[in-house]
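Per TrEMBL, the features are:
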TRANSMEM  16-36  transmembrane segment
DOMAIN    78-222  domain 'Flavodoxin-like'
BINDING   84-89, 136-139, 171-180, ASP206  FMN binding site
DOMAIN    277-516  domain 'FAD-binding FR-type'
BINDING   ARG296, THR530, SER590, ARG591, LYS596, ILE597, TYR598, VAL599, THR600, ASP633  NADP(+) binding site
BINDING   ARG452, TYR453, TYR454, SER455, THR470, ALA471, VAL472, TYR476, GLY486, VAL487, ALA488, THR489, TRP671  FAD binding site
Amino acid sequence: MTDEKIENVVSGEEPFLGALDIALLVILIAGGTWYFTRNRTKPEEQGRTYSIQPTTVSTAAVTENSFIKKLKASGRSLVVFYGSQTGTAEEFAGRLAKEGIRYRLKGMVADPEECDMEELLQLKDIANSLAVFCLATYGEGDPTDNAMEFYEWITNGDADLTGLNYAVFGLGNKTYEHYNKVAIYVDKRLEELGATRVFELGLGDDDANIEDDFITWKDRFWPAVCDNFGIEGSGEEVLIRQFRLLEHNDVQLDRIYTGEVARLHSLQNQRPPFDAKNPFLAPILINRELHKGGNRSCMHIELDIEGSKMRYDAGDHVAMYPINDKDLVEKLGLLCNADLDLVFSLINTDTDSSKKHPFPCPTTYRTALTHYLEIAAIPRTHILKELAEYCSDENDKQFLRSMASITPEGKEKYQSWVQDACRNIVHILEDISSCKPSIDHVCELLPRLQPRYYSISSSSKLYPTKVHITAVLVQYKTPTGRLNKGVATTYLKAKNPEEGEVKVPVFIRKSQFRLPTKPEIPIVMVGPGTGVAPFRGFIQERQHLRDEGKQVGESILYFGCRKKSEDFIYEEELGEYVEKGTLTLKTAFSRDQEKKIYVTHLLEQDADLLWRVLGENNGHFYICGDAKNMAVDVRNILVKILKTKGNMSEPDAVQYLKKMEAQKRYSADVWS
């Protein structure tokens, strides 16, 4: 009723509607309200419990980045931050937060990129509060992308963190020079800012057994935490599901994820900018074999990035999202007695978590196992512990439990039966027949399928709309007689553009692996096997500059492979650069003579040349390839040359190399 009609009623004038009319109108309004409320209440209640929204970040989630508010609202005192590039640090953080319940420390996992990290100053206001940092070191001693802002904040700021209780676990690889640099620095810096270290820094080595390192550390970490806060553990570990299952019977087809990384329909409706959460579907133009013989395969692949607005420089990486082998997916479905085409969602039981699902949901089990989960990886011990509960045979149960234990016998058994035998989840379920886990729990336990990174083997000066990849097909027989296949290279091998248009989801990752800004500076490149990939781009670029009439410094490439007649990749191309005077090529074919010759032998023989280029002419040195042996050997040879030819002591030679690194004159793009 309007204000005017109300005035008429109150003043005693004859109303526009009679009493009966008003009564009928009230009944109609009440009835209509009840009808609409009734029809909308059920779905809304179901929505609160079961409705799954696409995994895009809403405006509310962006503005609500206060982890302190979340801790206080949910009665928690433990927050575990992660700096993760491949998902391992995030997985470890989740396990720590989950275990906190056993020690009366209800915890939550937090991505520092999504939090206001200055709130660390307020954490002391919460009783028995503790911040744990699981931080991976990435690249040349850098923090991961999601931990970069936090790293810069504690580096450049001088916040008073007095009263903050903390602990740090680092994830690194000893084959790299800057082993766990980020975790070591954060642990030291937090103490400098006044925070209290509750337990010693943990260092995980991915070259050995990072799972073992983590378990050993956390099993000493929890008693120290209990002592610090005067609390007691609740005894036996209780296995708790982090996600609950919701199976969908009537979800609309256009709301189901079919392999998208984040945004629903992003692979069908492509729009820039393209990045890790929004990859570009790049057509493969060429996929040709580089090896001329032997039983191995090396692919040269050319991707079309025209129209993507993606840019790259020689030395950058292209990341590709692969999919798992279809046969392996089918086998896993059978072993779990699963209907792979069933649509489901896994929903985080922690409603305060920013991570509502472990991967995009809703989706089918087939899609999850094909696009989202690492089913070919070697399972970590916590997965074995959970699988043990699904064994109907007591011996099988005890066997899995023992391998998940921290006893020397258990560790040895895990090393030999799982790691050395290269058993993935499918192999384990095949060999332990009484273990029949639910498919949804398997999907919860397995880590996310990660993009694979390749050094770009082309120059954008020559190929602005193309990206070249050089990749060896990974296949090997395991001690159990199985044939294990590399996820990404097997996927790429099957992508034949001659059979029709084929596309792969990719994005560009920038690198610090760069040519000198002045082209006249001489360079030395060491790249055996596919380690030659970025140097192909370097040489292309230098040839392009020469063709433009620019002065270009000496370019020396050390390349090695097994046999010249079989795996000398890009032989003709490199030969042309030599003929044009752009390249000096030094080759080592390890199996073409009785005594094996490697690039390291050539470097030792060329001590005078290397000293002239690096010591006298301030040249740049690059290495790409195996981090574990080759890269370490090359570095040691350089130290030796600096000592003998540069008349330096060992400490001075080591310092000279470090100075070269700081000046970007020594760069490594290596993997283990």
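Placed from the backbone N, Cα and C atoms, the Cβ positions cover glycine too.
Unlike curated records, TrEMBL annotations are generated automatically.
A quick note: this is a predicted structure, and the numbers were derived from the prediction, not measured.
For ARG452 (FAD binding site), the Cβ neighbour count at a 10 Å cut-off comes to 19, with all displayed protein chains included. For the NADP(+) site listed in the record, the two most distant Cα atoms among ARG296, THR530, SER590, ARG591, LYS596, ILE597, TYR598, VAL599, THR600, ASP633 lie 26 Å apart. Here the Cβ of SER84 (FMN binding site) has 21 other Cβ atoms within 10 Å, regardless of which shown protein chain they belong to.
Within 10 Å of its Cβ, the residue among the binding-site residues ALA136, VAL472, ALA488 with the fewest other Cβ atoms is VAL472. Spanning the residues ARG452, TYR453, TYR454, SER455, THR470, ALA471, VAL472, TYR476, GLY486, VAL487, ALA488, THR489, TRP671 that the record associates with binding FAD, the maximal Cα-Cα distance equals 23 Å. Over all protein chains present, the Cβ of TYR176 (FMN binding site) has 24 other Cβ atoms lying within 10 Å. For the domain 'Flavodoxin-like' (78-222), the model gives a mean pLDDT of 93.
The binding-site residues shown are GLY87, ALA136, GLY139, LYS596, THR600; of these, the one with its CA atom nearest the CA of ALA488 (FAD binding site) is GLY87. Helix, strand and coil counts from DSSP across the domain 'Flavodoxin-like' (78-222) read 65 helix, 35 strand, 45 coil.
For SER590 (NADP(+) binding site), the count of additional Cβ atoms within 10 Å of its Cβ stands at 16 [all protein chains shown].
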